[in-house]
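Undergrad: Just dropping this structure here.
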Amino acid sequence: MNQLVEPNENEARSVDARQELDLRIGCAFTRFQTKYFQGKYGNLDSACVSFGPCQTPTLGFCVDRHDKIQSFKPEPYWFLSVQVKLTNEQTMTLDWERGRIFDREVAMVFLSQTTNIKEATITDVTQKEKSKPRPVALNTVELMRIASSGLGMGPHHAMQIAERLYTQGYISYPRTETTQYPENFDLRGTLHQLQRVPDLSADVQDLLSKGINKPKKGHDAGDHPPITPTREASRSELDGDAWKLYDYIARHFVATVSEDMKYLQTTASFTVGEEQFSLTGKSVINPGFTKFMSWQAVAPEEALPQLRAGTVVPIVQTKLAEQKTNPPDYLTESELISLMDKHGIGTDASIPVHINNICQRNYVTVGSGRRLIPTNLGIVLVHGYQKIDQDLILPTMRAAVEQQLNLIAVGKADYDAILSHTLTVFQLKFCYFVTSIMQMDELFEVTFTPLS
């Protein structure tokens with residue numbers, strides 16, 4: 001309280017501008033299209049047909065992936081599949097150096113040249129020490145990504161739990177873009193607290209006795225410190241999802257001051273007749289941070305047995321395998337969060353809100369693996385915007401507005417000028433949208449059942 005300073009007026013006006021723009025633009029489009037479509041179709045299944053400067057590009061990412069899936073045409077391809085028996089009697093399938101062949105007749109020629117060969121010769125064995133770097137400090141976007149992809153929690157739900165853990169004193173403030181600890185951060189003090197967490201106690205004690213590593217340099221966004229545990233907890237104190245989130249935050253913190261994971265990558269080259277094949281394996285030298293983040297560890301079954309150049313191994317089977325190219329899958333919440341962060345759609349605080357909104361509005365549903373599958377309503381809306389004015393769903397439009405708002409925050413742009421210019425642009429777009437709404441309505445008529 002003795003170090004209070006005046007609020008930063010430029011930053012405050014930037015926030016005001018963002019709120020006013022989002023409110024006025026969102027309300028205008030939402031009110032118009034809701035009134036236009038409400039009561040017109042019997043199976044619309046949405047009381048509010050909302051539009052948002054961030055929400056709509058978010059939906060656009062999901063529908064763009066849906067469109068790519070629908071337009072994808074699978075293409076067959078062939079490759080030689082050779083199984084060999086290694087020195088430890090383990091049977092493994094070799095990787096063909098030619099990869100995929102999209103002409104079956106050509107692939108059959110290669111098969112005919114190798115099908116009667118009964119042995120493969122190891123021509124070369126190379127080993128290279130590699131490492132997987134420990135993570136940087138945890139920020140909000142990464143927490144939401146991991147909560148969705150690894151813990152099975154939606155970003156909105158995850159942030160509600162994070163806020164509760166914060167108010168209960170278990171973690172630091174959970175809304176931050178920063179991935180670098182402050183210079184005066186007490187790393188060892190936090191580790192000493194985590195010694196009292198039963199699931200981590202032994203490994204944390206071992207880390208403290210061997211000495212901690214300096215965290216990797218991250219990004220200082222100038223907002224709040226990274227997300228860290230602030231006191232110990234146990235499974236009996238916290239319920240299911242709260243414990244899972246706390247446990248991850250604690251493990252991530254310890255991982256940031258652990259060693260990098262080191263492993264040995266072994267690549268063996270084989271010849272079968274004139275054709276070249278390879279086999280690659282990994283074995284752990286030092287688990288490093290993966291002691292705390294086991295899902296990133298090298299599995300024991302990835303290791304190869306001892307192999308030497310010149311060794312001849314028996315071939316168990318040679319065949320021509322056929323597969324088809326696969327379409328991309330629907331976006332996961334984790335992938336969508338990464339796209340939003342990359343394109344500047346939303347902030348660490350608003351990203352989960354935008355994703356939750358497109359779910360609540362029945363624009364997307366959450367499928368298995370927390371993949372976001374657009375509904376008919378979500379698809380028709382995006383296709384309608386594309387027909388009328390593609391700028392309304394493109395992330396570049398919002399990114400340009402964010403750049404202007406950031407200039408206000410650093411005192412390089414005038415608040416009134418940016419507000420006036422942006423509102424004028426969207427007013428013109430709104431007027432054009434209103435006069436062109438029939439183009440979107442045509443898509444609604446094809447998809448939904450008219451009441452009259």
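Cβ from N, Cα, C; glycine included.
No curator has checked TrEMBL annotations; they are predicted automatically.
Feature list, courtesy of TrEMBL:
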DOMAIN    8-430  domain 'Topo IA-type catalytic'
REGION    211-235  region 'Disordered'
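Locate each feature and note its surroundings.
TA: Sequence-distant neighbours of the region 'Disordered' (211-235) (same chain, 6+ residues past either end, Cβ-Cβ under 8 Å): 133-140, 143, 162, 169-182, 185, 187-188, 190-191, 193-199, 243, 246, 249-250, 253, 256-259.
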Undergrad: DSSP on the region 'Disordered' (211-235): how many residues come out helix, how many strand, how many coil?
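TA: Residue counts in helix, strand and coil order: 0 helix, 1 strand, 24 coil.
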Undergrad: Pop the mean pLDDT for the domain 'Topo IA-type catalytic' (8-430) in here, whole number is fine.
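TA: Result for the domain 'Topo IA-type catalytic' (8-430): average pLDDT 94.
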